[in-house]
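Pulled from TrEMBL, these are the listed features:
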- 27-39: compositional bias 'Basic and acidic residues' (COMPBIAS)
- 27-53: region 'Disordered' (REGION)
- 126-143: transmembrane segment (TRANSMEM)
- 170-188: transmembrane segment (TRANSMEM)
- 195-217: transmembrane segment (TRANSMEM)
- 223-249: transmembrane segment (TRANSMEM)
- 261-283: transmembrane segment (TRANSMEM)
- 337-359: transmembrane segment (TRANSMEM)
Amino acid sequence: MSYLKYFLLFSCRSRVVISESESENKLDAETASDSESRSEFGGSAPVPTSDDTPEVLNRALSNLSSRWKNWWVRGILTLAMITFFFIIIYLGPMVLMTIVMCVQIKCFHEIITIGYNVYHSYDLPWFRTLSWYFLLCVNYFFYGETVTDYFFTLVQREEPLRILSKYHRFISFALYLTGFCMFVLSLVKKHYRLQFYMFGWTHVTLLIVVTQSHLIIHNLFEGMIWFIVPISCVICNDIMAYMFGFFFGRTPLIKLSPKKTWEGFIGGFFATVLFGLLLSYVMSGYRCFTCPVEFNNDTNSFTVDCEPSELFQLQEYNIPLVLQSVVGWKTVRMYPFQIHSIALSTFASLIGPFGGFFASGFKRAFKIKDFANTIPGHGGIMDRFDCQYLMATFVNVYIASFIRGPNPSKLIQQFLTLRPDQQLHIFNTLKAHLVDKGMLGSLEDA
């Protein structure tokens with residue numbers, strides 16, 4: 001027993017020494033394990049989320065079980081959001097672009113706030129200031145590129161805009177470099193590691209949020225149909241997967257989201273593909289949806305009037321022999337865009353949800369339920385747009401790979417800004433090329 005007593009006494013003293021050593025290392029903030037575990041969750045347990053359901057709904061649904069109460073709350077607010085979506089579509093492209101910008105800022109705020117709350121106990125200097133400064137820099141770069149590309153004539157007409165356009169990338173780099181130097185100057189010895197964590201946190205957030213929202217606006221300029229159909233397919237898949245999972249879900253789909261089921265995943269896929277075909281058929285018949293959004297220099301406003309491309313003209317397709325006996329038709333008339341809508345809706349229902357799974361993993365890593373409590377029953381804005389950002393990238397890549405061709409109007413705009421001798425050189429080169437192809441008479445005849 002005496003040996004056991006000495007052994008326990010020695011163990012207790014050893015633990016005291018180790019504890020003192022660890023507390024000293026925390027002050028230096030350069031040791032790993034204990035400091036990292038504190039930094040991961042801010043040194044405190046996560047705060048449980050409160051019930052943010054409006055009091056009116058709480059009273060109206062007080063007699064229902066929590067499962068059905070949540071179903072009604074989500075349903076009512078989903079209808080409200082869909083109504084708001086229709087309103088901003090009706091208001092036109094400029095309002096849509098403004099809404100995209102507002103959503104981008106709110107999503108950035110939600111993610112940065114999580115980082116601030118996680119690391120708040122360390123009082124990192126300039127963290128929030130630099131985060132918003134980098135957001136400003138990146139937006140200046142991307143939207144400056146968009147203005148130069150789509151408002152080329154207007155930019156060339158105004159001298160200040162022309163100068164800003166000419167040196168746009170240099171100005172953008174100078175702004176970013178200023179923020180970079182500010183970050184280096186803000187480094188504090190005991191917070192080196194955490195400050196670099198947050199530097200990376202900010203830049204990854206910019207990559208996910210700002211870059212994707214910039215692509216959404218680019219898709220919008222290709223035609224509102226390229227904006228509305230993909231977003232609507234993601235919304236449809238989210239709703240139908242929830243409905244199928246709620247009523248028929250039995251088999252768990254993925255551990256990151258225990259409430260997701262295979263029944264909801266598969267049901268959402270078929271419903272989204274059907275919805276995409278129907279929505280594409282309806283929208284393809286209206287020029288206001290199919291024409292590219294262009295800036296009219298005469299009226300200084302956006303226009304969406306054009307002759308529809310072949311993509312939005314009804315064509316006749318032969319039905320495969322295997323299906324002819326089933327449907328009873330030999331041919332079907334449909335818009336070519338409907339075929340592309342199958343690819344869009346398939347991505348929205350099969351790959352798009354992985355954006356949501358990624359967000360679920362992120363929230364689990366920091367032990368939070370939602371990114372924020374902006375929308376009762378749904379969480380934050382980022383909780384609703386986690387799949388949309390992934391979809392925006394796919395649509396932009398899809399258009400660039402399979403749809404977009406050379407734009408003659410932009411080539412002419414750039415041609416007119418050249419010096420007269422450069423214009424004459426291009427004219428002679430083009431004329432010689434057309435003569436060689438036999439599309440023009442010989443140079444001697446000319």
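The backbone N, Cα and C atoms fix where each Cβ goes, and this holds for glycine too.
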Quickly jot the same-chain residues contacting the transmembrane segment (195-217) by Cβ under 8 Å, restricted to those at least six beyond its ends, or write none.
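For the transmembrane segment (195-217), the list is 39, 97, 100-101, 103-104, 107-108, 111-112, 115, 119, 124, 127, 130-131, 134-135, 138-139, 142-143, 146, 183, 186-188, 227, 388-390, 392-393, 395-396.
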Can you work out which residues elsewhere in the same chain, 6+ from the ends of the transmembrane segment (337-359), have a Cβ less than 8 Å from its Cβ atoms?
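Distant contacts of the transmembrane segment (337-359): 225, 229-230, 233-234, 236-237, 241, 254, 256-257, 260, 265, 268-269, 272-273, 275-277, 279-281, 284, 290, 311-312, 371, 382-383, 386-391, 394-395, 398, 402-403.
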Does the structure show the transmembrane segment (223-249) and the transmembrane segment (170-188) touching, where I'm treating 3 or more Cβ pairs under 8 angstroms (sequence separation 6 or more) as a contact?
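No, the transmembrane segment (223-249) does not contact the transmembrane segment (170-188).
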What residues in the same chain, six or more past the boundaries of the transmembrane segment (261-283), come closer than 8 Å to it by Cβ-Cβ distance?
225, 228-229, 232-233, 236-238, 240-246, 248-253, 289-290, 334-335, 337-338, 340-342, 344-346, 348-350, 353
In the same chain, which residue numbers or ranges, 6 or more beyond the ends of the transmembrane segment (126-143), come under 8 angstroms Cβ to Cβ?
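Residues 101, 105, 108, 112, 115-116, 119, 168-169, 171-172, 175-176, 179, 182-183, 186, 195, 198, 202-203, 205-206, 210-211, 214 contact the transmembrane segment (126-143) from elsewhere in the chain.
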